Amino acid sequence: MAEDNNRTTFNPVIPLALSASGMTTSSSDVVVLGLGVVLAGLYLFKDQLFAASKPKLAPVATKSSANGSGNPRDFIAKMKDGKKRIVIFYGSQTGTAEEYAIRLAKEAKSKFGLSSLVCDPEEYDFENLDQLPEDCAAFFVMATYGEGEPTDNAVQLMQNLEDDSFEFTNGGRDLTGLKYVVFGLGNKTYEHYNVIGRRVDASLSKMGGIRIGERGEGDDDKSMEEDYLEWKDGMWEAFATALGVEEGQGGDSADFVVSELDSHPPEKVYLGEYSARALTKTKGIHDAKNPYAAPITVARELFASHADRNCVHIEFNTEGSGITYQHGDHLGVWPINPDLEVERLLCTLGLHDKQDAVIGIESLDPALAKVPFPVPTTYATVLRHYIDINAVAGRQILGSLSKFAPTPEAEAFMKELNTNKEKYHTVVAEGCLKLGEILQLAAGNDITRIPSPENTTKWSIPFDIIVSAIPRLQPRYYSISSSPKLNPGSIHATVVVLKHENTPSEIVTKKWVHGLGSNFLLNLKHATNGEPTPITSVSDGEHVSVPAYLIDGPRGAYKTETTYKAPVHVRRSTFRLPTNPKSPVIMIGPGTGVAPFRGFIQERVALARRAIEKNGPDALNDWGRISLFYGCRRSDEDFLYADEWPKYAEELKGKFVLHTAFSREKFNPDGSKIYVQNLLWNDREHIAQAILEGKGYVYICGEAKNMAKQVEEVLAKILGEAKGGSAEVEGAAELKLLKERSRLMLDVWS
């Protein structure tokens, strides 16, 4: 129990009462007790007895309490204190919405000279939103998460905006005259595309707010960046008119100051650690701010040796870490950038020879741009561990970097990519070019060669621009494929390795594109098992077929003898089995979409073992059936966990049924491929009965754009016909009801 310094902990009345009850006392005891009563009375009533002798002091209002800045949750006071005319709230789950919020703040500063307060809505109160001055504006950059839900940090904001019982400081729900801007982030492959941004817009408008420009909507399935760029110019024009400002009043200004430190204790320099606890090796809670370096106990290939793809099953030991998880949760893995791209940028920025120089980074406006990673650090560490240099470069950054071009030709090339949307799409987006590759290409360097200071032209880009322009390297999330009930202290992940060819053009040749997180884990699998690095043979010699990573980690922290580690943390999910095993369960998960369902089945197996041990062999008789609909290419190539499913079925006493579709092995009578949606239709009678009569639960995991959408269409058809109607009316209504009651849940990706 924590000590409370504002509470009197000694109370003599209680022991006196105890003494007076049930004890015989002598005369001396009575005297002592009487004296105790007198002293206790004096102590308890000292303020009243002696108050007259003390002069009463009027409270003095300090500057902070007078202007409201004493309340850290008062954004209006902070805006006034900082002379800011824009407040930008962001609803962000993975950091993307926050990045766009910061970009808007930077553009407002460079275009109009206006300062902004960028706010995590979880950290502020909204009662005084109606107090925003007339010459100010509120921006809302809102991501839609999951099945049309607000991000975790925007839940309270949405409740305040939509709950009719919530009142602003004026005593009502009147936001008349509030100038606001909305940019939503979503994905069109999901049913509830950008619904949170739309709800924010509708709520503010309903209460009298005036939207500036059009509502922006970014589609992550195509190009969030292009949607943002198309929207922002028109919005800024409307903004200038609404607030009476003119463009050109701002100017280019740095967000950070980067300085090289001549002397600094080596043990206090961050070389890839994510937190002070990791640097000092002190114990603490492991989460997204302090991931745990988890030892890898198992790493094996799940696809057949003759397959042209890889899928890694990997197990992390979390014993003693304090990390807990449940089936259906997500594992965040923190990858690093591949050696080749780190070397490429070190050469293009002219930092190759001083890559290990210790640098400090300070923010010139912490309210606008926080230093996104721990410092002091080194140039190489920033490029390897902290910023996402492996991503396809955005169009906007190319324009801002053109002024640092080493030649007029390079400057013209960068400006054309920045202004010519079609050329950017053909060369950069379709060519899958990273920033380092574009800088080399613009300068006339050969991007197919291993970069070196000798074959790479130097660009004089200040490092603070690099830190400002390139987003923080984020963890990659994977559905956990185990249950803690069967695997305590161990977390399993099932990861298909992403690798595909780009679309070549006149400027960019054909090349392989490798997913960052999955290839990082593939590297760890090779190292854990002592396997040789795969080699591909091409016309001009042999090339390594996977990128290389510095997997030993900072200061060798991710390797002990023959054991490798990776930094991980757990992200909670609501993707859960029903608590009652009597409820039927239908799971649809082709490919690696089966990952969470392996955890689901393990969860049920653990429960079954306990039930049988307690109640005998018939304990599962009244359990609902668990049906898994799984699909892959071939039974002898990519059938994940094929050896495990029969064992689970045996332990569950026939309550687990597996339906399989092998799209390149078995076909429909007309020759068309069989997919999981075909399996669902074939089992439609059981599915309708399980859902409508058995109150069953349905789970879909996997690719969202085609599979998940087609599965929902089949389910709507099954349920619509079972209700005596159509898929479009009765079926759609039934699906909507299932989602509202959390009996149809999706864990999908684009």
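Placement of Cβ uses the backbone N, Cα and C atoms for every residue, glycine included.
No curator has checked TrEMBL annotations; they are predicted automatically.
What TrEMBL lists as domain 'Flavodoxin-like' is 86-236. The feature FMN binding site is assigned by TrEMBL to 92-97, 143-146, 185-194, Asp220. Per TrEMBL, the feature domain 'FAD-binding FR-type' maps to 289-561. The NADP(+) binding site annotation in TrEMBL covers Arg309, Thr592, Ser663, Arg664, Lys673, Ile674, Tyr675, Val676, Gln677. Annotation comment: TrEMBL describes Arg476, Tyr477, Tyr478, Ser479, Thr494, Val495, Val496, Gly515, Leu516, Gly517, Ser518, Trp749 as FAD binding site.
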Quiz prompt | Alpha-carbon spacing, Ser92 (FMN binding site) to Ser518 (FAD binding site), which is rounded to whole Å | solution = 24
Exercise. Determine, to the nearest whole angstrom, how far the Cα atom of Gln677 (NADP(+) binding site) is from the Cα atom of Tyr190 (FMN binding site).
Key: 18
Quiz item: Which one is closest to Thr494 (FAD binding site) in space, judged by CA to CA distance, out of the binding-site residues Gly95, Asn187, Arg309, Lys673?
Solution: Arg309
Quiz prompt | binding-site residues (Tyr193, Tyr478), the one with most neighbouring Cβ atoms at 10 Å | solution = Tyr478
Quiz item: Rounded to the nearest angstrom, how far is the Cα of Gly95 (FMN binding site) from the Cα of Arg476 (FAD binding site)?
Solution: 12
Practice problem: Please report how many Å separate the Cα atom of Leu516 (FAD binding site) from that of Arg309 (NADP(+) binding site), as a whole number. | Solution: 16
Quiz item: For Val496 (FAD binding site), what is the tally of other C-beta atoms lying within 10 angstroms of its C-beta?
Solution: 19
Quiz item: Arg309, Arg476, Lys673: which of these binding-site residues has the highest Cβ count within 10 Å of its own Cβ?
Solution: Arg476
Self-check item: Residue from Ala143, Tyr190, Ser518 whose C-alpha is spatially nearest that of Arg309 (NADP(+) binding site), among the binding-site residues
Solution: Ser518
Quiz item: Around Gly146 (FMN binding site), how many other CB atoms lie within 10 A of its CB?
Solution: 17
Quiz prompt | Cα-Cα distance, maximum over Arg309, Thr592, Ser663, Arg664, Lys673, Ile674, Tyr675, Val676, Gln677, record's NADP(+) binders, Å | solution = 24
Quiz prompt | Ser518 (FAD binding site) versus binding-site residues Gly95, Asn187, Tyr193, Lys673, Tyr675 - nearest by Cα | solution = Gly95
Quiz item: Out of Ser92, Ser663, Gln677, which of the binding-site residues has the smallest number of neighbouring Cβ atoms within 10 Å?
Solution: Ser663
Quiz item: Reported as an integer number of Å, what is the Cα distance between Ala143 (FMN binding site) and Ser663 (NADP(+) binding site)?
Solution: 35
Quiz item: In the predicted model, what is the mean pLDDT computed over the domain 'FAD-binding FR-type' (289-561)?
Solution: 93
Quiz item: Ser663 (NADP(+) binding site) to Gly95 (FMN binding site): how many Å between their Cα atoms?
Solution: 37
